[in-house]
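Peer 1: Input: one structure, supplied below.
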Amino acid sequence: MEGGNGPDLQLQQLPLATPAVSVQPHAESFSYKENLIGALLAIFGHLVISIALNLQKYSHIRLAGSKDPRAYFRTKIWWCGVLLLLLGELGVFSSYAFAPLSLIVPLSAVSVIASAIIGIIFIKEKWKPKEFLRRYVLSFVGCGLAVVGTYLLITFGPNSHEAMTGDNITKHLVSWPFLLYMLVEIILFCLLLYFYKERNANYIVVILLLVALLGSMTVVTVKAVAGMIFVSIQGSLQLDYPIFYIMFICMVATAVFQATFLAQASQLYDSSQIASIGYILSTTIAITAGATFYLDFIGEDVLHICMFALGCLIAFLGVFLITRNRKKSIPFEPYISMDAMPGMQNMHDKGIAVQPDLKASFSYGALENNDSMPEIYTPATLPIVQEQHGSKGVSAPPYRILEHSKKE
């Protein structure tokens, strides 16, 4: 009887083993499909965000170069930029619900590529082909490298997928790798904040490291919130978990402080430096946080990890070349200094500011960098010519203001 039952047991086990082989390719194909959906949503979101910011900048430039007394928030172009900005942010937010964090974060290079292309298209100066290529060759090379890096990121990105339920997020939150990572990050953040506030270490790397450390926590919480909302839409309600509201509060708080430090950096350094260095630091630290919290690279082979790292490096180089080609602003002084005139009392001795302090570039509203501003919108300077007078004993003002026509 025992010998007769052997073949029956084997025949009963075969149907159970057969479906297990056919399920695995379907799961892998579905996970790659989710990666593609998330990557496309992120690319679409960053592209729309870039268009929105350029529209808002264009509205400021138009108001600065015209006699329109309206405020910028009363123009249709500016509000169109706001709506597109919200749409782009919604697309990026939704992408975290589909693809791993380590795949979505580096795709912010798309916004840099789009900004470079839009900036070249909207330039109103006429260039000869040779001059145009010589001037923007680095931008074209940088865009090409960034596109290649983006392709490698999407192709060899991590393929780990997990349902963002409240239990899973709580399990990751109390895991010892993430607790150790949080301890190191808190210590590093406190040290950088001490040197920045107490020792006046206003270096761009220090400020952008603070932004990157806060940004890593922002993207971790964004993925948790977006994932729990997506699971809730599918039918399994996750909004009654306390961890959802904890993550939501952390997301808002870190985003606000991140924007504060970023605004301080924009007042001290050029936007091109902030874009390149900030992208490299933020992407590196965010990928580290995602790999620690969500275990993005668990189960990935060495080849995929190396190709993903190569894609990141190529994207870094592309963004650096794009921002490296930005034209440096030329300082100018459109006012005549009061204390430079003979016989004029210096009113600055009492701390009274007669004229506004100027940055290296003209700014209007949210416009901080006017590298692509055409010459028609740039304010005209008033050249000061000192005349030599004879010995007739007649005192004349040593300065003469020359009016220039628009042609000059």
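Going from the start of the chain as shown, residues are counted 1 onward.
Cβ coordinates come from backbone N, Cα and C, glycine included.
Straight from TrEMBL, here's the annotation block:
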- 36-56: transmembrane segment (TRANSMEM)
- 77-97: transmembrane segment (TRANSMEM)
- 103-123: transmembrane segment (TRANSMEM)
- 135-154: transmembrane segment (TRANSMEM)
- 174-196: transmembrane segment (TRANSMEM)
- 203-231: transmembrane segment (TRANSMEM)
- 243-262: transmembrane segment (TRANSMEM)
- 274-295: transmembrane segment (TRANSMEM)
- 301-322: transmembrane segment (TRANSMEM)
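What does the local environment look like for each feature on the list?
Peer 2: Sequence-remote contacts of a segment are chain residues at least 6 beyond its ends whose Cβ falls under 8 Å from one of its Cβ atoms, and for the transmembrane segment (36-56) they are 72, 77-78, 80-85, 87-100, 103-104, 107-108, 110-111, 114-115, 118-119, 122, 150, 154, 157, 366.
Within the chain carrying the transmembrane segment (77-97), a Cβ under 8 angstroms from the stretch's Cβ atoms is held by residues 37-39, 41-42, 44-56, 58-60, 62, 104, 164, 219, 222-223, 226-227, 229-230, all 6 or more beyond its ends.
Only residues 6 or more beyond the boundaries of the transmembrane segment (135-154), in the same chain, are considered here, and those with a CB under 8 A from a CB of the stretch are 35-36, 39, 43, 103, 106-107, 109-110, 112-113, 116-117, 120, 127, 307-308, 310-325.
Below 8 angstroms of C-beta separation, residues 202, 206-207, 209-210, 213-214, 216-217, 288-289, 292-293 of the same chain, each at least six residues beyond the ends of the transmembrane segment (174-196), sit close to that stretch.
Sequence-distant contacts of the transmembrane segment (203-231) (same chain, six or more residues past either end, CB-CB distance under 8 Å): 93-94, 96-98, 101, 104-105, 163-166, 169, 185, 188-189, 192-193, 195-196, 238-239, 241, 243-244, 247-248, 250-251, 254-255, 257-258, 261-262, 264-265, 268-269, 273-274, 277-278, 281-282, 284-286, 288-290, 293-294.
Same-chain neighbours of the transmembrane segment (243-262): 166, 169-170, 173, 207, 210-211, 214-215, 217-218, 221-222, 224-225, 228, 274, 278, counting only residues six or more beyond its ends whose CB sits under 8 Å from a CB of the stretch.
Using a Cβ-Cβ cut-off under 8 Å and counting only residues 6 or more beyond its ends in the same chain, the transmembrane segment (274-295) has close neighbours at 100-102, 105-106, 108-109, 112, 160, 162, 172-173, 177-178, 181, 185, 204-205, 208-209, 211-213, 215-217, 219-220, 223, 262, 265-266, 312, 315-316, 319-320, 322-324.
For the transmembrane segment (301-322), the list of distant contacts is 102, 106, 109, 112-113, 116, 138-139, 141-153, 155-158, 275-276, 279-280, 283-284, 287: same-chain residues at least six beyond its ends, Cβ to Cβ under 8 Å.
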